[in-house]
Amino acid sequence: DPSFGALLTTKEEVQKEIVDKHNDLRRTVSPPASNMLKMEWDSKAATNAQNWADKCLLRHSRSEDRVVGTRHCGENLFMSSRPISWSHAIQGWYDEVRHFTYGVGKNHPNAVVGHYTQVVWYSSYRVGCGIAYCPNQKSLKYYQVCQYCPPGNFVGKERTPYLEGKPCASCPNHCDNGLCTNSCEYDDVYSNCKDLAKKIGCKRTLTKNSCKAACQCPDKIY
């Protein structure tokens, strides 16, 4: 087993392992993804994740505890009785794929698949993680938290965490080994922003303020 100290996410090599593991998994999804963004490390998300891990409350944080800039972020939790490498924890989340069918969703009603879908959510391109030792817990004393910005698992979209297709088909000029690099730093407030921007343009207050991705990232993935 790795030592607890070797898993601290202030270490650059640990950050790299976490990002690389996510990107390796995102590259190799089945069916393949045409719009999968390449992940990068987010130090603010990591601070939020560490702050939450340190509380040793083995449940999800509140939405307001995972804000980076104007963005809310998603969250995956991993608990174990001994220190587990980050690659193993992330693989553990991904392995929920065996209960998941692309386009269908869960294979049975009680299946847990949300950790998998967050790991491979196409638009979640920033990740930050933290780990804590929680001696007061009876058995699960090690607590790993990753936060993902922007968040995945949008209601109504959970069956398709990415767009199926040839890798990078959605970003032909912004491709790094099967992953797209043309991320957008803005978000849309409404799911129909693309249509709104087409219909009424981006000069109107509504679209200018609430459809920033549609208006400012027409050729980017969000």
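Glycine too: its Cβ is placed from the backbone N, Cα and C atoms.
All annotation found in TrEMBL is predicted automatically rather than curated by experts.
Across the domain 'ShKT' (184-217), the DSSP tally of helix, strand and coil residues reads 19 helix, 2 strand, 13 coil. As annotated by TrEMBL, domain 'ShKT' applies to 184-217.
The annotation disulfide bond is assigned in TrEMBL to Cys193-Cys211 (among others). Remark: Cys211 (disulfide bond) has Asp188, Val189, Tyr190, Cys193, Leu196, Ala197, Cys202 as non-local neighbours, by Cβ distance under 8 Å and separation of at least 6 in sequence.
Annotation source TrEMBL lists disulfide bond at Cys202-Cys215 (among others).
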Positions whose Cβ lies under 8 angstroms from the domain 'ShKT' (184-217), at least six residues beyond its ends: 70-71, 150
Neighbourhood of Cys215 (disulfide bond) by C-beta distance under 8 A, where only residues 6 or more apart in the same chain count: Cys193, Ala197, Cys202, Thr207, Lys208
